[in-house]
Amino acid sequence: MFGRDPWGGPLEISNADSATDDDRSRDLDRAALMRQLDETQQSWLLAGPGDQAGKKKKKYVDLGCVVLDRKIFMWTVGTILGLGVFIGFIMMIVKLVPHKRPPPPPPDQYTQALHKALMFFNAQRSGPLPKHNGVSWRGNSCMKDGLSDSTVRRSLVGGFYDAGDAIKFNYPMAWSMTMLSWSVIEYKAKYEAIGELDHIKEIIKWGTDYILKTFNSSADTIDRIVAQVGIGDTSKGGSQPNDHYCWMRPEDIDYKRPVTECHSCSDLASEMAASLAAASIVFKDSKTYSDKLVKGAKALYKFGRTQRGRYSPNGSDQAIFYNSTSYWDEFVWGGAWMYFATGNNSYLTVATAPGMAKHAGAFWFGSPNYGVFTWDDKLPGAQVLLSRLRLFLSPGYPYEEILRTFHNQTDNVMCSYLPLFNSFNFTKGGLIQLNHGGPQPLQYAVNAAFLASLYSDYLESADTPGWYCGPNFYTTEVLRKFARSQLDYILGKNPLKMSYVVGFGNKYPKRPHHRGASIPHNGVKYGCKGGFKWRETKKANPNILVGAMVAGPDRHDGFKDIRTNYNYTEPTLAANAGLVAALISIADIPTGRYSIDKNTIFSAIPPMFPTPPPPPSAWKP
């Protein structure tokens, strides 16, 4: 049997059993020596050990899925690390080297007007002014209020003057503080974004500090509150100095300022309670002050509920200037704010009592003033406020039925603001006539603008795109369009091309009906009659009353810039509070997904439903 010799020659393979392994090995060696080798095989045999050692053995890196030359691997890794260091170095330079950022977009006209509108409250401050007040022509004034009245004999220094005079009317002042607090609760992020949060909180505190002085705020039960400081009735004739007869700077007042107290004034007490309750939510981060406000609010609301009566009896100074038509709306309004401030259901029970709503006028659909939100009638605002409760918390039985009614009434009020429904007339220039063509229309227009804008934010935050007016559906943008139209009119988009906010725009009233602004701040003291010449002059006021919204035009869009005609040119605390609230609600200030703060107003309310028990612990054998 023959096989192939691995060295190229034939090889006989014997199957004889006598052949040993050594024999076979020697036969293979002899056969190999006898075969002729090729050149490659000869080179293998001729190469010595030195030649093999002179060649370097290549090194490899085994990465598991692939085998790479070690030198290539090291170069690759080094290159990657070098690029990483280089990129990091470039990024560090970019961060450290100063560079210009694109400027933020300019504020819209509503934000610009808002900055100015807040300054009006600085100009109206009474008492010792802070150094940073920012109104150069104002100084400390009426530093003996309350102390000089023999029946009171306690300090009533502070607070705000109501309008162009120097009277402190607690009724509209308290409403103004409630409105400002409401706007902060809803739009805190907006105020913070434009740098006005600390300013408006300081304004509110200036007012609430004074309100706390007007009654025994440390007691649980009270029997009287201060309604007014100063007097303005000039109907009885004579020349007795008072805050309306005299035309003089507040800093120069030297006549007596009587204090008016009331012992049965449900409307005033409930409004003051609302102002302190709303402010307690604004200042909830300062527990001591917030608790003090809540305690005072409880005493006031209790007093108002037990000692029934209007604060403005016929013939009184209050009735002449700020007459209250009813106290039932204040019960609803104040009760709602007391509930939000305390979480006590007893207040919500009062605010949602069907009889209370009926007395407040919730079902008087034919009333010509239905839906007109003012310092006197709080029902429209209370209905919006309680609609908020239904939209976001929905407390259910036994409140659901009346809350649904309030919600429906709020929808109806919003419908009445639209020109399509002819509930109210509009001037040719577009100003809504909520007071039916009467004087001083702007204060009503800004309040309506605030409610419309705020309600549109409520609906959107509740994922509701609009509301129904009968069979017709309207989007929330319709409400914002209405609010903008009223504010645009006030800021200059009107037939006269005039801004009715002093200091805003190129054309605005130069002669507001205001004592402090109309008399030069020149170190000369002008007495009670000495300021008459400044009242009668046709010259512009020497001091600019920045941010003051004047009373406004007539029903024909006409306006007379005459100092002595207060129906055109006098600004008021309550009107400016509505203006501030409306401006912040409609201002285009990006602060996140929602315009309003959905939850802060409910911070004192306990959970509507009991907390579920924790899950049982794991079973152990």
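Each residue, glycine too, has its Cβ placed from N, Cα and C.
As recorded in TrEMBL:
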REGION    1-23  region 'Disordered'
TRANSMEM  72-94  transmembrane segment
DOMAIN    110-583  domain 'Glycoside hydrolase family 9'
ACT_SITE  His513  active site
ACT_SITE  Asp561  active site
ACT_SITE  Glu570  active site
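Feature annotations (TrEMBL) mapped to structure.
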| residue | record | CB count, 10 Å |
| --- | --- | --- |
| His513 | active site | 26 |
| Asp561 | active site | 18 |
| Glu570 | active site | 21 |
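Note on the domain 'Glycoside hydrolase family 9' (110-583): mean pLDDT across this stretch is 96. Between the CA atoms of His513 (active site) and Glu570 (active site) there is a gap of 5 Å.
A gap of 10 Å separates the Cα atoms of Glu570 (active site) and Asp561 (active site).
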